[in-house]
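What TrEMBL says about this one:
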ACT_SITE  Cys507  active site, proton donor
DOMAIN    82-350  domain 'Orn/DAP/Arg decarboxylase 2 N-terminal'
DOMAIN    378-455  domain 'Arginine decarboxylase helical bundle'
DOMAIN    587-640  domain 'Arginine decarboxylase C-terminal helical'
MOD_RES   Lys107  N6-(pyridoxal phosphate)lysine
Amino acid sequence: MSTEKPSEEQWDIAQARELYGVNRWGLRYFDINEQGVVTVAPLKEEGISIPILEVAKEAREQGLHFPMLIRFHDLLRNRVARINRAFSEAIAEAEYRNQYRGVYPVKVNQLREVVEEILDAGHDYHHGLEVGSKPELHAALALHEDPDSLIVCNGYKDEDYVRVALIGRKLGKKVILVVEKVEEIRQIIAMVNKMKVEPLIGFRVRLMSGGKGKWAESGGENAKFGLSTIDIMRASRLLQEANMAHCLKLVHFHIGSQVPDILTIKKAVREGAMFYAKLSKLAHPGLEYLDVGGGLGVDYDGSRTTFHSSINYSLNEYARDVIYNIMDVCDAEEVAHPVVISESGRALVAHHSLLVVETFGNIKKAQVEEEAVAPTIEHKLIDDAWYAYQNISENNPLEAYHDAQHYKSEAQTRFELGMLDLEVKAEVERIFWLVGVEVLKFFRGAEFVPDEIVELESKYSDQYLCNFSVFQSLLDHWGFGQLFPIMPLHRLDEEPQRRGTLADITCDSDGVVSRFINLYEDGVATLPLHELNGKPYYLGIFLTGAYQDIMGDLHNLFGRVNEAHVYLDEDEENGYYIEETIPGTTMEKVLALVQYSEEDLGRKLKRQFDRAIREDRLRPNEAMRLLNEYNRNLKGYTYLRLE
Ligand SMILES: *Cc1c(COP(=O)(O)O)cnc(C)c1O
């Protein structure tokens, strides 16, 4: 066995895994193979591993350009199975005397293919749907076919909403209307009498145990949704007066998404279960379901902590805690165990999709030389700076840095006064960056790094230009500072020699990714990346399946990205096939969304061409060719075409 410490040259895949934390956030779905290429195993150890770039290249050959979103449908199915299995195991283990019924909150990713896949994969578990608006309800009602699975209707409701939900009841579906405010009870009672149908009603209770974290505002006394204890008493009385006390079937709460701390969940579940038990004994023995809402988080940064982009618990721990605490409260209150519903969305869909983006340039802020060349110009400032450079040692790295800083700012001052030539200024700055590089070496791997050195390090970082829009594809990074795992999809058999931030192609200074996962709460400012070598360089932005790939914003009119949907298939040569490609939004379509019609634009431009022909500025032949080109282009992709 060698006792030698690995030198910088001995880079291996294990180091790449560690550097990007792929085994920490990837839940064993993602890994790096010996060729240094990122792979996905949609079924974990029960199926094959696919090099992600291979899929991207195949989709490219089918005509899809980058940026490209890839969905792994088997991974989505695997998540559905795992959540259901986690609950059935927890139920068996605790000898809980009822069952679990999951519902998928459609708002987390409304894409029809995603919802259909979840329903299909959840068929054996009777996994149902949760909706929060009329359009979602209309979609759910049509897609949902299993009479044993539920449709839970949350969100504020008008008459139409209630009516459509009751149409579902007429079809024999278990559609549950969850009351968000007391007035909705009257609405439901009126509509039920008109439509002559028995409703299934739920109360959304407002818990005192709120969540922590960035999405926590949905809980607590000031929450936007739900009934206070006083409201609950009023709502219960209204139901009793209408002889509908038995229609109350469900108690629901939702303390927010991405709850980082399992203790918050335990506490909320106990409080919710207490509402269930007390209501059941008060006047509603027909109560049957306790719905614990969403909140089951995703460990985006892989730190397994209560950081905002992490969670300190596993899926199995979550399921066990939900089941145990409901059981504990119900046993103490001597009420029967309810059917447990959870509305997990994020944890179900986050992992199944990723965005592949292509870099197309690298803006280097500080030019670093391979070998330090001695200055050839004579000047006191240059001599002093060079002296500082030559005398850096482990005893004084900070001192050397401060000296170099001083000479640089001195050069700047004299330059502004017209007392210094460009050559001298450039030379002093060149030496400053040389000093910086040396100084940084002394702090590499150090336990404590002073702030000024952290700042210095970020000065050496590059800006990698990436063909995508943060506003379309990574909205929560922009809006909440949520961190997502990002890494190169190839070349991981080489040590990344640079560090950089990512700049998107919107004309917005916020269109950047400048926080990356790490084992610090707010991440780090730069991502280790490879030197561009003239060949395409692809990055993967992972865990974007929840909220991101559906919430996009049309900033600068960059539209939805191209999508490839991948299925595993043992009969295929590579073990998978691309089942469907969905072209991203065309320019024509995004323009139409803001009231520009294709015909109108073409007509307006044609008038200008006609004028140019009349005025002899263009020949008719050329004018028509250019106009056709414009019209053809309108049907193209909104992102850069880099080939
Ligand atoms: C958003 C939402 C969910 C989904 O929450 P996740 O944390 O993504 O699982 C569930 N229920 C309700 C009522 C919601 O508003």
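Count begins at 1; order follows the chain as displayed.
Every residue gets a Cβ built from N, Cα and C, even glycine.
Cα of Cys507 (active site, proton donor) to Cα of the residue listed as 'N6-(pyridoxal phosphate)lysine': a distance of 29 Å. Remark: secondary structure over the domain 'Arginine decarboxylase C-terminal helical' (587-640) totals 38 helix, 1 strand, 15 coil, with classes taken from DSSP. Of all the recorded positions listed here (Lys107, Cys507), it is Cys507 whose C-beta has the fewest other C-beta atoms within 10 angstroms.
Confidence in the domain 'Orn/DAP/Arg decarboxylase 2 N-terminal' (82-350), given as mean pLDDT, stands at 95. Secondary structure of the domain 'Arginine decarboxylase helical bundle' (378-455) per DSSP, as helix, strand and coil residue counts: 58 helix, 0 strand, 20 coil.
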